[in-house]
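Noted in TrEMBL for the protein shown:
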- 61-115: domain 'HTH cro/C1-type' (DOMAIN)
- 1-56: region 'Disordered' (REGION)
Amino acid sequence: MAGKKSVAGRGTVPRRSAVEKAPAGRGKGAPRTGRSSQLEQDPHQVTGKRRSLESAIGREVRNFRHQLNMTVAQLSQTSGMSAGMLSKIENGQTSPSLATLQELSRALQVPVTAFFRSFEEERSATFVLAGQGLPIERRGTRAGHQYQLLGHGFSRGLAVEPYLVTLTENSDVFPIFQHDGVEFLFMLEGEVGYRHGDKLYHMRPGDSLYFDSDVPHGPEQLLKLPARFLSIITYTRDNE
């Protein structure tokens with residue numbers, strides 16, 4: 001019996017002492033203390049900035065739904081999402097995917113970027129993997145023009161939308177775009193004859209074009225396909 005007490009004593013006292021000294025030392029207790037601290041942190045916990053973005057998106061979804069006099073049940077039927085999921089989105093309790101936002105934009109008849117309008121905070125970085133831009137339907141979509149939204153920024157009343165535009169053998173010329181703001185193009189691949197007003201620009205890889213987008217513009221000649229170019233559109237919120 002005495003032997004068992006002696007073993008228990010030797011096994012218990014040093015461990016308790018090591019744990020108590022862990023913050024100041026490098027004993028066996030130190031790694032255990034650090035591991036315990038990490039495990040107590042929820043890896044899925046939403047950070048302050050992320051929660052702010054989700055809340056902003058939720059407010060916009062609710063506002064647009066109210067503008068259309070739609071109930072959650074009606075939006076659920078139109079968008080194909082469950083009422084429970086819509087409730088979580090509107091209350092900022094979940095982070096909707098880009099695909100989800102696109103479905104909501106169709107159901108609410110607004111552009112995807114409209115959901116980010118009330119998001120006010122110091123701008124952070126937006127990283128998009130190759131080929132992972134959000135497919136967007138714009139006026140040129142029906143002419144076979146493919147658009148991928150690569151991000152969205154808003155600061156001091158100015159909105160910025162970068163797109164990757166792809167033209168293929170299935171694309172048709174569509175030189176009648178016209179919208180508020182200014183636009184910047186940078187040619188990545190292929191060649192096109194790009195019309196802006198009464199001028200036609202032969203654009204090759206590395207060429208760029210900056211113009212007033214209120215003037216009719218668009219790719220009038222598809223000279224070498226496939227063609228890809230960056231299109232960065234900037235406009236003020238008042239013009240939306």
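Yeah, the Cβs are placed from backbone N, Cα and C, and that goes for glycine too.
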Notebook entry, point to check: Within the domain 'HTH cro/C1-type' (61-115), how many residues are helix, strand or coil going by DSSP?
Noted result: 38 helix, 0 strand, 17 coil
Item checked: Stretch-averaged pLDDT - the domain 'HTH cro/C1-type' (61-115) -> 92
